[in-house]
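The block underneath contains the structure these notes are about, expressed in structure tokens.
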Amino acid sequence: MTSTSASISSMSAMSRQQSHSAGEDTAGPPAAGGSGAPDALDPDASSKGRPRFVYAGMGLPFALLVTCFASWGLSTDLTAPLVKVFRSIFSMSNVQSSLVQSAYYGAYFCLAIPASFINSRLGYKGGVVIGLGLASTGALLFIPAAHVMTYSLFLAALFTLASGLSILETSANPFVIAMGPEENGTRRLNFAQAFNPIGSNLGVLIAAVLILPHINTTTAAERAAMSQQELVATRSSELQAVMGPYVALGILYLLLAVSIGFVKVRKERKEEPIAASEGGRFMRLLKNKRYSFGVVAQYFNIAAQTCIWTYTLHYVTDALGVSDAVAGYWLQASLIIFLVARFAMVGLMGWLDARKLMLIMCCLGVGLSLFAMSSVNLVGCIAVVSLSACISLLFPTIYGEALKGLGADTKFGAAGLVMAIIGGATMPLVQSWVIDHSNAALSYGVVAVCMAVPAAYAVYTLRLKDPEKSSEA
């Protein structure tokens, strides 16, 4: 989003060097800290006119990375409906089935810091390739999981898949920034990010067309009355439907890994050494209220996003009495709204402070959540779907505000914001507990609470002066 310009510039900043080796072959990470731009990678990047969108020879690598942005959106929203799918297939409680999201988002938390070390040692390109390879392995693990028909193996496959995507995301964002001049780094990253909800919509559509219609509508009691042979046959058929899209996804990740691995990009520059210890960095970040509050806000933002999309199927089926397949189209609509709203928010940020816009949308989100709790009908379903517009700008806006002024601590700070994705693993457990003990409508009270935290962060940042280069809030 356009509101993240200052922070993205900090994230992509690198110390300028006076001499360059012409014709070097690969693209590199911007060094944390410093005030230079990625044009140190290409002294001829900016002509007398407008700067290049990407450096010469970087068009193909950039296009491949854009595909990666769409691919992890596809994976995330292909996975969300599995919460209800596995609940039906394995006759589990909502809490048990919500472990799907715990495994998925828990992997993001566990791999964020290791990903930053991978990037430091192997560069962003190496991080992208490793992430894609691991994601491919996780997706292909759906094959043995479907044959063994064991829920725990599916969770292991999802954890492996998301571990790869955590490394991929941590590497791809700054890699995109390094592919062109600093002047248009934010525009370049926003362009790449715009393909993420496109992938998300595709993921929901695939689930609605290829998975949900093939899930048997029998209840847990009816499954319990089946013979062992009949139950195995039913589960096998359902799990084969689940497996198919993930196998295709695994092949896609493998092809992307090979393609990016062989494509040439400009040679990476080594970051300048930072005197402070890792412990010193951590303490500086912890004491920086803009950053630490931003991590908390990001945690609740991701929690809200995951809760909204994971339990849309539950809400719609309860409110309208429709099948999961029909409810899947409501989830599809919410992702389309998210996509359209993301572009609309970019336009609005041209004349309204992004923090004010975030406050407005969060307050609207709280209101819609409370309305959905009290009006469990068609209008309530519309309110639930409309929540996607409220969350469309939160991730990049919080991300940008939290990273302002971090300087040399930016890369380590960025890893902390990725770790905040653990909100998507923990809060759905709370929401599923509410569903098990009441209903899906009341569970949207959890969403209301989650939306209130980024609203508070917006109020806090509006009272702050933008930092210069220091990490002080």
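Placed from the backbone N, Cα and C atoms, the Cβ positions cover glycine too.
Per TrEMBL, these features apply:
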- 1-30: compositional bias 'Low complexity' (COMPBIAS)
- 1-45: region 'Disordered' (REGION)
- 53-75: transmembrane segment (TRANSMEM)
- 95-115: transmembrane segment (TRANSMEM)
- 122-143: transmembrane segment (TRANSMEM)
- 149-168: transmembrane segment (TRANSMEM)
- 189-212: transmembrane segment (TRANSMEM)
- 243-263: transmembrane segment (TRANSMEM)
- 291-314: transmembrane segment (TRANSMEM)
- 326-345: transmembrane segment (TRANSMEM)
- 357-376: transmembrane segment (TRANSMEM)
- 382-400: transmembrane segment (TRANSMEM)
- 412-435: transmembrane segment (TRANSMEM)
- 441-460: transmembrane segment (TRANSMEM)
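Segment contact holds for the transmembrane segment (357-376) and the transmembrane segment (441-460), given three or more CB pairs below 8 angstroms at sequence separation of 6 or more. Tertiary neighbourhood of the transmembrane segment (189-212): same-chain residues 1-2, 4, 8, 62, 65-67, 69-81, 85, 172-173, 176-177, 241-242, 244-245, 323-325, 328-329, 331-332, 335-336, 338-339, 342-343, 346, 396, selected by CB-CB distance under 8 Å and a gap of 6+ residues from either end. If you count C-beta pairs under 8 angstroms between the transmembrane segment (95-115) and each of 122-143, 291-314, 382-400, 412-435, 441-460, the highest count goes to 412-435. With respect to Cβ pairs under 8 Å, the transmembrane segment (53-75) is most closely packed against 243-263, considering the stretches 122-143, 243-263, 291-314. If you look at the transmembrane segment (412-435), the same-chain residues 6 or more away from its ends with a CB under 8 A from one of its CBs are 11, 32, 83, 93-95, 97-98, 101-106, 108-109, 112-113, 115-116, 166, 169-170, 173-174, 278, 281-282, 285, 291, 294-296, 298-307, 310-311, 314, 398-399, 402-403, 406, 442-443, 445-447, 450. At the 8 Å Cβ threshold, with sequence separation of at least 6, the transmembrane segment (243-263) lacks contact with the transmembrane segment (291-314), having fewer than 3 such pairs. Using a Cβ-Cβ cut-off under 8 Å and counting only residues 6 or more beyond its ends in the same chain, the transmembrane segment (441-460) has close neighbours at 289-290, 293-294, 296-297, 299-301, 303-304, 307-308, 311, 314-315, 318-319, 355-356, 358-359, 362-363, 365-366, 369-370, 372-374, 376, 380, 384, 387, 390-391, 394, 398, 401, 423, 427, 430-432, 434-435. Counting same-chain residues at least six beyond the ends of the transmembrane segment (122-143), those with a Cβ under 8 angstroms from any Cβ of the stretch are 26-29, 65, 68, 72, 75, 115, 153-154, 156-172, 174-175, 178, 242-243, 246-247, 249-251, 253-254, 256-257, 260-261, 265, 268.
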